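Presented below is the structure to which this report refers.
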Amino acid sequence: MAGASSPASLRASRSGRHGKDTVRSDLFKSPTIPFVFALILSDAILVALIIAYVPYTKIDWDAYMSQILFGVLYIVNLAIVLFIYVKTDVVPWWALSLLCLSKRIHSIFVLRLFNDCFAMTLLHASVALFLYRKWHLGMVVFSGAVSVKMNVLLYAPPLLLLLLKAMNIVGVVSALAGAALVQILVGLPFLITYPVSYITNAFDLGRVFIHFWSVNFKFVAERLFVSKEFAVCLLIVHLCLLAAFANYKWCKHEGGIIGFMRSRHFFLTLPSSLSFSDASASGIPTKEHIVTAMFVGNFIGIVCARSLHYQFYSWYFYSLPYLLWRTLFPTWLRLVLFVSIELCWNVYPSTPASSGLLMCLHLTTLMGLWFAPSDNPYQVKEDKNSQRHKKHISANLGLLKHVFSVRNVLKKKTLQAARDILVVPISTFFSLADPVSNS
């Protein structure tokens, strides 16, 4: 008949309803998602109150509108970061509130209006794209972040390693070319007119910072702080730490960096097909591995930074809960480290004691990351037959659940009908046969 539905369509609709019911039940069973929305809403209210009652210095219409813009930017960045945390599921749901409790971060975004805020928002957006293996688009957004603030390059070493893990050589080269194209387009007006001045000033790696504003090395004498030898030593330590983490942590599963390069046959053979796909034949990095490598690589740069000014706190604050929960530290120690780092950043002006304590806290966190276990960096692959089998089992389980629920209902109705057929006539017969009841 035209109006009749086939058994297959009925099973599909039932399994679809079952899937929706499962999603709804999981949403209400897990407090993470409702808690995330509550955090975003409460922080949006807090930002609105800050803008209303803590006006920017020399407030005027332009500054007021800038505050609103940066307030919106703060909420957008927070939403992206919470999205990353939810997808990785490393930090417990209640600890996500730590991302909203920084006085210094609220000041950097809403009151100080630093361009670091735009750079980090774009950086976090690129990380979110990497989680979904949108490597080419993510590299474009990452390059946009670099064009705003060069500190984003601290993420570059682990990112390059992740690209090599996730794609073949052609894919890596095309992704890097896309990022380079963004830099060329952004700097094109300056490259045409003053190319040498633009390149030397835009990528000035030899800049000397002012000792007074240093939050992390105030305990170092100013003469040593501004010396080139001090900068070179920090650079060497930075490179050594990156090499150590890359060899013994990020590539441990592949047998170190050399083993990883050999397994991929880099620079020896070209791929059989010139594919620009974001997928790799060797394996798909897990979301946890992507975020861990990116955040740890940036944190190593923070530890070895020649100077950290107050707005630089935004460079790594949003990764702190994740990093602390990647260690084996007990929860109380993680919270102590987080609160202590926040207190150090709220000491103004910084003192030798506060900067020394901050360095100790950074080194403690880095040591905890070093001794943390290294998980399998790749997702477990399943062939198409296995995936179809799982979908078939899931659909059948939903159908069986529906069948058993119908069976229980029919069983109850059958028992009720049997009772009505047997028990009622018998009771009526005995009531008629009883002389006492008939009299």
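All residue numbers here begin at 1 and follow the chain in the order shown.
Heads up, the Cβ atoms here are built off N, Cα and C, so glycines get one too.
As given in TrEMBL:
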- 1-13: compositional bias 'Low complexity' (COMPBIAS)
- 1-22: region 'Disordered' (REGION)
- 33-56: transmembrane segment (TRANSMEM)
- 68-86: transmembrane segment (TRANSMEM)
- 106-132: transmembrane segment (TRANSMEM)
- 139-163: transmembrane segment (TRANSMEM)
- 169-191: transmembrane segment (TRANSMEM)
- 225-245: transmembrane segment (TRANSMEM)
- 290-308: transmembrane segment (TRANSMEM)
- 320-341: transmembrane segment (TRANSMEM)
- 353-372: transmembrane segment (TRANSMEM)
The answer for the transmembrane segment (290-308), taking Cβ pairs under 8 Å and residues 6+ beyond its ends, is 84, 88, 90, 127, 130-131, 151, 154-155, 157-159, 161-162, 209-211, 213-217, 225, 230-231, 234-235, 237-238, 241-242, 245, 249-250, 315-316, 319, 322-323, 326, 359, 362-363, 365-366, 369
Would you call the transmembrane segment (320-341) and the transmembrane segment (353-372) in contact, using three or more Cβ pairs under 8 Å, pairs 6 or more apart in sequence? yes
Per the Cβ under 8 Å criterion, with at least 6 residues separating them from its ends, the transmembrane segment (106-132) contacts 46-47, 50-51, 54, 56, 66-67, 70-71, 73-74, 76-77, 80-81, 83-84, 87-88, 138-139, 141-142, 144-146, 148-149, 151-152, 155, 162, 287, 290-291, 294, 310-315, 318
Outside the transmembrane segment (225-245), at least 6 residues beyond either end, the same-chain residues with a Cβ under 8 Å of its Cβ set are 157, 206, 208, 211, 214, 217, 257, 296-297, 300-301, 303-307, 366, 370
